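As recorded in TrEMBL:
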SIGNAL    1-21  signal peptide
ACT_SITE  GLU117  active site, proton donor
ACT_SITE  ASP216  active site
ACT_SITE  GLU309  active site, proton donor
ACT_SITE  GLU330  active site, proton donor
Amino acid sequence: MPFRLLIPLGLVCVFLPLHHGAPGPDGTAPDPAHYRERVKAMFYHAYDSYLENAFPYDELRPLTCDGHDTWGSFSLTLIDALDTLLILGNTSEFQRVVEVLQDNVDFDIDVNASVFETNIRAFQTPTGMPYGTVNLLHGVNPGETPVTCTAGIGTFIVEFATLSSLTGDPVFEDVARLALMRLWESRSDIGLVGNHIDVLTGKWVAQDAGIGAGVDSYFEYLVKGAILLQDKKLMAMFLEYNRAIRNYTHFDDWYLWVQMYKGTVSMPVFQSLEAYWPGLQSLIGDIDNAMRTFLNYYTVWKQFGGLPEFYNIAQGYTVEKREGYPLRPELIESAMYLYRATGDPTLLELGRDAVESIEKISKVECGFATLLVEILMRPTISIRGQKLKMSDEMSKDCLSILYNTCVCTEGVTKRLAEKNDFVIFLFTLMTSKKTFLQTATLIEDILGVKKEMIRLDEVPNLSSLVSNFDQQQLANFCRILAVTISEMDTGNDDKHTLLAKNAQQKKSLSLGPSAAEINQAALLSIPGFVERLCKLATRKVSESTGTASFLQELEEWYTWLDNALVLDALMRVASEESEHSQGTSGDNALPHTSARTQLPQSMKIMHEIMYKLEVLYVLCVLLMGRQRNQVHRMIAEFKLIPGLNNLFDKLIWRKHSASALVLHGHNQNCDCSPDITLKIQFLRLLQSFSDHHEKGQNLHSSAVQQPRSCPLPFEPICFRNKYLLLNNQELNELSAISLKANIPEVEAVLNTDRSLVCDGKRGLLTRLLQVMKKEPAESSFRFWQARAVESFLRGTTSYADQMFLLKRGLLEHILYCIVDSECKSRDVLQSYFDLLGELMKFNVDAFKRFNKYINTDAKVFLKQINSSLVDSNMLVRCVTLSLDRFENQVDMKVAEVLSECRLLAYISQVPTQMSFLFRLINIIHVQTLTQVHWHPEAADMHSVRLPLALQENVSCLNTSLVILMLARRKERLPLYLRLLQRMEHSKKYPGFLLNNFHNLLRFWQQHYLHKDKDSTCLENSSCISFSYWKETVSILLNPDRQSPSALVSYIEEPYMDIDRDFTEE
């Protein structure tokens, strides 16, 4: 149980006088002595439960009856209870606890303690304002943030001045006074202070001014410090603040949050932490104002039986996800001060209400969450029209308590996740707008820890439920769908090897579709579902706000307030906007209402970004699922691509990042902002939309295809739709390129429905290329951008597509990044090498342009290839395939390129090919391929991780096979194998390389055994039929030691090790 529970109980005990007269619940006069005894009993219930179940931890968790450390790992609840024990007159227990603490508590421990919560500081900063956290053993950590809240700086003078008085050492009071003065000197021109400040620079980071969270006890300690120390200067400081607060934040006896430099409203809410203010006003003699404000606050208490954390003043109700009452003592304290100042007996009603409310809503044994589940799942006693009906208000209250319980108490969410019938039932509560957001939030948290994926087809009336959602509800619902349609993560330990995953996939095929696939099918069966998602993804910000009032828009925004990513984004927005506000504050008069109630455009944009990234994620998952062809057609039909094109400049890529972006796994580990995540989701969707990894018929016409392009027997749906990334003018340009080159126009271009393509001066692909070329060298966006553009080229090579991109300077940009920009990111370099290979493959004009740019820097470029062969192997493969094609063509332009291009000349040399082959085989091992590793920067909002084994190591194996297949075609395979054997011996480990290669090829056979999709990809990208791939592998694995093309013929008997069993059951 949090230690703060002991505070209100002690206050109530002091507050209730030993006389009669205050009306009781039934109108009769209560017995104050009775209530005092009840308060004592409540205190000892909490106190004894802590001692029995939680000591020596900081706090008791009352729902699980155990303890945990929070603020410092030194029995903080017991320390905090000492003064309450004295107030209750229990001196013997006080003495016992002091002795226990002396014997058991050690403050010289390696623990990061909250400086504010434990009143311990680290004050050695340039400004004299303390850090927010300090390590009790080592002091301030090197990486500690310098950003501290205002209250965390100004709440020391009472304790520290007392400490100086008791010890005779003035240093404690001196540092506390210095911190107060630095805050005073940092106030704005209109006399307000913000919420968070950088203690090193003195710059305000969060500029919201108010009297609540983050600021509250600063004002409180100015007054109490002034009274304790009889210090007129401290009181003068508070009175000056009080005038500014009344001028800019005071409305109808409420206090709002405003921008500290302008005084414009930022949040029209009452926070429960603000309830100390009437008591503070009473201490300075401002009784009338204190009583009016107190009555406002008490009205909220009466409405809910406690003070919610946030209360929307305009709406007269709680703010979503801020409904809980964490047993704060502030309002009880104000009532106590006002009663002592006025003697008004009506104030005693709050004391009585506090006793009744706290005991009613807070007293628990264990398992309170289970009771709430039962209440939710059965009708209440409220009768309407002779029918039992669940009260929406009761449902909302139960859901809010459950959500806060899940957040605050470990293990509750997992226990709820085990109740599958309850999880299904929660979906039915989403039919009511009053309970929608609480339900959606709770479902999302529960599904995040649920071991087995829920099936949406078990949700009653799913189609009707989703169809009745408004657009905002549907966008929120996408947060739930993100969990239900994504395949569950199998983990990254060594047991989940690539072979095991292959076996699992084969088993899954025999068992039928997975739960995620069933859920995807269920959603796609809902009429209009994809169309509505497309509309959400492409609506403009102006369309999303409509004619809603300021307060309605702000209330909608609150639904996102608990998202740390949004708060980070708002922090940046506030920082940017402060550049325009500092030094330009207005008159001291109250700003005009219209200026104060205008919702910032930046907030509207961020709100829309949060919705769109969820929607784009769902669309992206559906694009990669079993029904991807259906989804491709629907997305094209509903004009998602042209819609995104219209949003590109103003929303999706509205500004470039100022620094390199290192992305991490989203949700649990990600520190990506919504802006960043939206860009990544957008790029992933473009990649999925253009991706050519579709099932097709194998090419059997010849072992190695010879024509300039290798058309498929049929073109998959995505190949046709990828041209929707262009506009009509750009499609005409593709046709002109084909005509000029005297080659047949790509059928997919001819078949593209021109009514569905991008409009405007530039298509989406061209816009992407423009921002790609402006991206900073180390930006991780480059990885995603290159992948998206590569997916447009991937598959069957199209000369027209390549020339379209070459004309836009893509080749020069790629070469600049690889050679001249000093880019150090492996992932970016790999993606650029891969893109370069697809851009140049089989294209003489591309090689000619390449040679013109790189001729003087050829050594630098070749060094890059050789220094990172794992990353550049796809380029090596494409150049090798192109060289083979060119050598078999009789054409003057081809002959000229072959004679002049240093890259082709380098790759054509047998020693070069042997060096690549030796290193590619030596890079990878069966153990590597049978253990899944994870791509370090392939992070997006739902932790989609790319296996290195598939992405890199299998790719290296396939590149080595391409070299040997082409050698086989030229009847030089035995020569290459002999050279590999000699290289083995020269490196002093005979047999090791060829044994490893033999095992790798056995793995290759198993890996591609049932992978029609992957085998078709190999076939299309290389223009070599997959049957030729399989034949070459079979020849190499021939067990006949007399075969000149069999690996075993080149492994000497003493070094033979080809029968290793690397398979897994």
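Heads up, residue numbers simply count up from 1 along the chain you see.
Placement of Cβ uses the backbone N, Cα and C atoms for every residue, glycine included.
Every protein chain considered, the tally of other Cβ atoms within 10 Å of the Cβ of GLU330 (active site, proton donor) stands at 25. Counting every protein chain shown, the Cβ of the residue listed as 'active site' has 24 other Cβ atoms within 10 Å.
Distance noted between the C-alpha atoms of GLU330 (active site, proton donor) and GLU309 (active site, proton donor) is 12 Å.
Calculated from their C-alpha atoms, the gap between ASP216 (active site) and GLU309 (active site, proton donor) amounts to 14 Å. Counting every protein chain shown, the number of other Cβ atoms lying within 10 Å of the Cβ of GLU309 (active site, proton donor) is 21.
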